[in-house]
Amino acid sequence: MHFLDQAKIYLKSGAGGPGAVSFRREKYIEYGGPDGGNGGKGGDIVFEAVQGLNTLIDFRYAQHFKAKRGAHGQGKDRTGAGAPDLVIKVPVGTQVLSEDKEEVLADFTEVGQRVTFLAGGMGGRGNASYKSSTNRAPRQHQPGQAGEEMWVWLRLKLLADVGLLGLPNAGKSTFINAVSNAKAKVGHYAFTTLVPKLGVVNHKGREFVLADIPGLIEGAAEGAGIGDRFLGHIERCRVLIHLVDISGEDPAEAFQTVNAELEAYGEGLEDKPQLVALNKLDLADEELVAGFAEELLEAGADEVFAVSGATGAGIEPLLDAVLGYLPDSTSTETKGSEVEEVDEEGGEWSPI
């Protein structure tokens with residue numbers, strides 16, 4: 001599936017239906033009074049967060065969303081039918097932003113969350129509502145109220161418990177493949193990962209979502225490389241795993257480069273707890289590992305784990321440390337526990 005995390009779309013709610021001009025026509029009644037009904041309400045524009053979507057790719061091909069207008073009013077005081085709401089389904093983690101991207105208008109963080117974004121126009125008045133003691137046969141009516149319209153941006157921020165970051169070629173794809181069900185592309189060159197990847201990790205009876213984002217390079221905040229566009233996908237993470245390539249020229253400098261980009265990006269990423277992992281342990285001896293770990297501690301790391309995504313060495317202590325930052329139940333675990341609670345409360349089936 002192609003990944004797209006930003007899309008610009010046009011929205012327009014439905015206009016209200018016009019009121020009717022009508023008069024009663026009955027046998028033996030020469031002058032029937034007005035009986036034109038009101039118009040129906042226009043359709044609303046509604047956003048709904050649904051499960052099973054993790055990209056905005058559908059909005060590349062469908063960019064204009066217009067709700068239907070309400071039906072005309074009719075004779076015999078019949079109000080026109082209201083138009084159905086136009087429901088736009090988006091992935092959980094989607095934000096709706098103003099056209100200039102300066103204001104967040106809606107933020108969808110839970111499955112089933114619905115927001116009525118643009119209200120449909122109210123139906124116009126029929127001539128029956130204009131009848132008065134001085135105007136027994138009014139012919140005026142109201143057109144329906146116009147719908148609302150605007151351009152908005154959709155921005156997807158994936159919901160993950162743990163974020164995985166580092167310079168290009170730090171071994172992030174190999175690592176996420178080793179610890180989760182992800183099937184990320186692996187290659188011996190920089191920028192193998194071009195879009196974020198999600199994987200579900202099961203460790204010691206716990207389950208959490210790990211997000212791998214494309215590698216950062218110096219100047220990413222100014223647009224170098226792939227840039228910092230994908231950093232938004234780890235804004236909601238509780239803890240970050242910072243992979244540092246032990247076979248690189250200067251692991252301490254690599255560590256500082258990534259942290260400088262986090263600080264330049266802002267949004268609180270520089271303050272998130274980090275678990276620093278020297279990756280590719282299988283390519284170095286113990287003395288070299290110890291020396292690089294000491295340099296990372298001096299560079300600001302709180303604790304350093306030596307791991308190998310290729311062989312699995314050292315990964316278990318790292319995942320143990322991750323569990324210490326997670327809540328009692330993560331988003332994936334909550335769904336399972338809710339089902340179990342319902343089963344326990346229900347007990348044996350009874351028709352009563």
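Note: Cβ is positioned from N, Cα and C throughout, glycine not excepted.
As given in Swiss-Prot:
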BINDING   166-173, 191-195, 212-215, 279-282, 308-310  GTP binding site
BINDING   Ser173, Thr193  Mg(2+) binding site
COMPBIAS  339-352  compositional bias 'Acidic residues'
DOMAIN    1-159  domain 'Obg'
DOMAIN    160-327  domain 'OBG-type G'
REGION    329-352  region 'Disordered'
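This view paints the features noted in Swiss-Prot onto the structure.
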residue	record	CB count, 10 Å
Gly166	GTP binding site	27
Asn169	GTP binding site	19
Lys172	GTP binding site	27
Ser173	Mg(2+) binding site	22
Val195	GTP binding site	15
Pro214	GTP binding site	25
Lys280	GTP binding site	23
Ser308	GTP binding site	22
As a whole number of Å, the Cα atom of Gly166 (GTP binding site) is distant from the Cα atom of Ser173 (Mg(2+) binding site) by 11
On the domain 'OBG-type G' (160-327), the mean of the pLDDT values is 83
Rounded to a whole number of Å, the separation of the Cα atoms of Ser173 (Mg(2+) binding site) and Pro214 (GTP binding site) comes to 9
